[in-house]
Amino acid sequence: MSNEIIAVLGAGSWGTALANVAAENGHDVRLWSHRASQVAEINETHRNTKYLGDNPLNEGVVGVADMQAAVQDADIVLSVVPTKATREVAKQLVAALKNLDQSIILMAATKGLEPGTYKRVSEMLAEEVPAKYLRGLGVISGPSHAEGVITHDPTLVTAVSTDVAVAEKVQHALSNQVFRVYTNTDMIGSEIGGALKNVIAIGAGALESLGYDANAKAALFTRGLAEISRLGQAFGANPITFMGLSGVGDLFATATSVHSRNYRAGVQLGEGKKLADIIEHMGMVIEGISTTKVAHELAQKKHVEMPITSAIYRVLYENQDVKEAIQTLMGRPVSQEGK
Ligand SMILES: NC(=O)C1=CN([C@@H]2O[C@H](COP(=O)(O)OP(=O)(O)OC[C@H]3O[C@@H](n4cnc5c(N)ncnc54)[C@H](O)[C@@H]3O)[C@@H](O)[C@H]2O)C=CC1
Ligand SMILES: O=C(CO)COP(=O)(O)O
């Protein structure tokens, strides 16, 4: 494996865990944060306690507060800020690349859709970053809680780009004995799968806290994946992608794990907590809350049937009771599977 310079933008839980994987692989890693205190903590204590507790970081992870210093001579840049910060950070990246007259491979590890425009994260980045600064554009997706990656739980993800050589370069840079990277070329399916599983994970958490059992959870996962796949196919996704790591794989990981912020938000909703309080106390991004609204609107716009997403929308945005939402779903006219 050749030694690359890898810049990671965003020192939250996922950016930090990915930076740690890259540093463990021997790369020169700069972890950019807009918070000086976080950069200091990373460099002085080799920890990022707010997001990853007492887990030590590889000493090869260097915190950097200056965007230009972070991306100078970088081969690969990973964008790992929340969806809502993606354009703002991309603008800072572009200013740095312009000054440096440099091009990069840019991979987004963010999982969401943009409110209002309904854009995928890679589409937002393609709009913000002029092609002359890009040697490649893609995403990293798959079942990968930062908490498991930092503790070396065997983890599989996909590096996705329409340019196979770009996906393979990232695959080789990040793979190791505990972190195995596959490649894929289906950007639409991977990004829709990665964003939409968060919506279903909120539902799964709510089921858990209300005491529902395996039948109800299996129903949610299976029919949830069916509607994710329908939406993806309406945009031209390959249906097989939803059977893979960024589809059923990530749905399973997120909708069954206490590490998931979306699942935990769902648990708290089921307990009757107010959405604003849940967001305030999580202290980390809960992408599925915004994605639920985007997906609900998209379903209407594209005439795609997404009853579970719409039920979760009503719980989140119209204060519908979870049990009432389940009754509405169960009372729908019976239909044929596989449509
Ligand atoms: N946490 C995880 O295990 C995984 C998260 N993801 C995705 O990665 C993305 C990031 O998630 P997390 O790391 O969990 O979020 P987080 O909430 O832990 O961290 C977000 C980071 O972005 C920074 N940030 C926020 N707004 C910013 C701005 N305007 N400018 C600069 N920096 C800003 C925050 O300071 C923080 O360091 C999300 O889209 C999430 O769905 C994907 C896979 C795994
Ligand atoms: O995408 C993730 C795991 O693959 C993380 O999900 P949460 O944002 O719900 O923690």
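A Cβ is built for glycine as well, from the same backbone N, Cα and C atoms used for every other residue.
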Further binder of NAD(+) named by TrEMBL next to G10, A11, G12, S13, W14, G15, R261, taken from the candidates A126, A146: A146
Candidates K197, K302, K323, the one TrEMBL lists with K111, G142, S144, D250, S260, R261, N262 as binding sn-glycerol 3-phosphate: K197
Same-site NADPH binder from Y51, Y133, Y313, given that TrEMBL records S13, W14, H34, R35, K111, A146, R261, V285, E287: Y51
Residues in the domain 'Glycerol-3-phosphate dehydrogenase NAD-dependent C-terminal' (186-327) grouped by DSSP into helix, strand and remaining coil: 111 helix, 0 strand, 31 coil
NAD(+) binding residues G10, A11, G12, S13, W14, G15, A146, R261: largest Cα-Cα distance, in Å and rounded to whole number: 17
Distance-selected binding-site residues near ligand 2 (C-beta under 6 Å), from H34, S144, D250, R261, V285: S144, D250, R261
Additional residues surrounding substrate, by Cβ distance to the K111, R261, N262 centre under 8 Å: N198, A201, T254, S260, V285, I286, E287, G288
Neighbourhood of ligand 1 - binding-site residues from K111, G142, D250, N262 with Cβ under 6 Å: K111
